[in-house]
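As given in Swiss-Prot:
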- Lys165: active site, proton acceptor (ACT_SITE)
- His284: active site, proton acceptor (ACT_SITE)
- Asn113, Thr163, Lys167, Arg285, His317, Ser369: substrate binding site (BINDING)
- Lys191, Asp193, Glu194: Mg(2+) binding site (BINDING)
- Lys4: N6,N6,N6-trimethyllysine (MOD_RES)
- Lys191: N6-carboxylysine (MOD_RES)
- Lys324: site 'Transition state stabilizer' (SITE)
Amino acid sequence: VGFKAGVKDYKLTYYTPEYETKDTDILAAFRVTPQPGVPPEEAGAAVAAESSTGTWTTVWTDGLTSLDRYKGRCYHIEPVAGEENQYIAYVAYPLDLFEEGSVTNMFTSIVGNVFGFKALRALRLEDLRVPTSYIKTFQGPPHGIQVERDKLNKYGRPLLGCTIKPKLGLSAKNYGRAVYECLRGGLDFTKDDENVNSQPFMRWRDRFLFCAEAIYKAQAETGEIKGHYLNATAGTCEEMIKRAVCARELGAPIVMHDYLTGGFTANTTLAHYCRDNGLLLHIHRAMHAVIDRQKNHGMHFRVLAKALRLSGGDHIHAGTVVGKLEGEREITLGFVDLLRDDFVEKDRSRGIYFTQDWVSLPGVLPVASGGIHVWHMPALTEIFGDDSVLQFGGGTLGHPWGNAPGAVANRVALEACVQARNEGRDLAREGNEIIREASKWSPELAAACEVWKAIKFEFPAMDTL
């Protein structure tokens, strides 16, 4: 019989429209833009091949393995509505292609070399269905939403945070002072900026010590549990763990990691340490837009969010929705549900291509941050619900009277919105009124309302959904 050398079309082996997917398969939805003259079936099959067992030519060693058992299969292709020459190619991967408990290995296969493939003009991974059998090989978030609430003793409302600004240049002592002011005023958390690691103007240990002092002082004064996301991100995993150990020894409740710049291997390492040592883990998504911003190439953020839930994190930044378009609201809420819920149904209108069952893997709190202030509070409370962290950087520190009054303004606004919602009022319609009413009793809130009043509150249109 021998082996037949030469190049043959991918679609002869890797395009299998009759294939019925298995419960154990990892399923991927790719947005494929083929080069002119390349049929969509060939492009979809090429993606399946190059991200699994295939190479550009038939090789002698193919005969030593069972391709049927190990190959990725393109099992369905559909054109993208409203786009010329774009297709969604669905690919199924057998579970045995992946190392257990390794997001790194999963991504190396699925979004590895295939993205540089010449027969495609562009390629984007839109969604991933992770089978329950693979999920069970991951630890996931160190603690999850319920355990975090129990640790903090805070229920029935979103949590409030604030990123300390200016992000670079403060000394450790002044940094700790800013942390203390915010926490004393009523915030639950303050946050290291993602690019604060250990620079000449503020070495990490000095920052950790002053922030710990700020936390304890604020806790003593307010009777509430407080936290500061101590950024443990470092140049090596060893250094990162050293910083996490120091945070634990200081009694800090939470550390932070930049999971995309740090990498999934480092992130999973830190997540395991955090669970073993009772630390919460806040995740920042710096660099995500490099990967997810192009509509036709890269990877959608919902895939990065799913990967983070597997790798491990208790909070992750997830956009704000406010003031953006309605489609974005639906799509953002789609991946917010993928982060928090145990079971999410397929829903293409929200960008969810597959039904995802998380089999009791703990959930992740979505963090809304970036350009938000007190007037956005009703919208944020309505959109994100209780299980979220609302982070106001400039919206706290930009208060004309200083950090603590800025924190007071945000806390009063939040409590007013939660109370109004619990009384059955419609936050979408009455949001402005609720904030105005509350500001009569809080001079701090009134001052904040005055500063940011020019920034429009674009919310009523949301009712049309």
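Keep in mind that glycine also has a Cβ here, set from the backbone N, Cα and C atoms.
Annotated features taken from Swiss-Prot, shown on the structure.
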residue : record                       : contacts (Cβ under 8 Å, 6+ apart)
Lys4    : N6,N6,N6-trimethyllysine     : Thr58
Asn113  : substrate binding site       : Glu50, Ser51
Thr163  : substrate binding site       : Thr190, Lys191, Asp192, Asp193, Ser369, Gln391, Gly393
Lys165  : active site, proton acceptor : Asp193, Gly393, Gly394, Leu397
Glu194  : Mg(2+) binding site          : Asn231, Thr233, Asp258, His284, Ala286
Arg285  : substrate binding site       : Asp258, Tyr259, Leu260, Phe301, Leu304, Ile316, His317
DSSP three-state assignment (helix, strand or coil) for Asp193 (Mg(2+) binding site): coil
Sparsest Cβ surroundings (other CB atoms within 10 Å) among the recorded positions Lys167, His284, His317: Lys167
Count of other CB atoms lying within 10 Å of the CB belonging to Asp193 (Mg(2+) binding site): 18
Remaining residues near the recorded Mg(2+) site, that is with C-beta within 8 Å of the centroid of the site residues Lys191, Asp193, Glu194: Thr163, Ile164, Lys167, Asp192, Asn195, Val196, Tyr229, Asn231, Met256, His284
Neighbouring C-beta atoms (10 Å sphere around the C-beta of Ser369 (substrate binding site)): 20
Surrounding CB atoms that lie within 10 Å of the CB of Lys191 (Mg(2+) binding site), all protein chains: 28
Three-state secondary structure, which DSSP defines for Asn113 (substrate binding site): helix
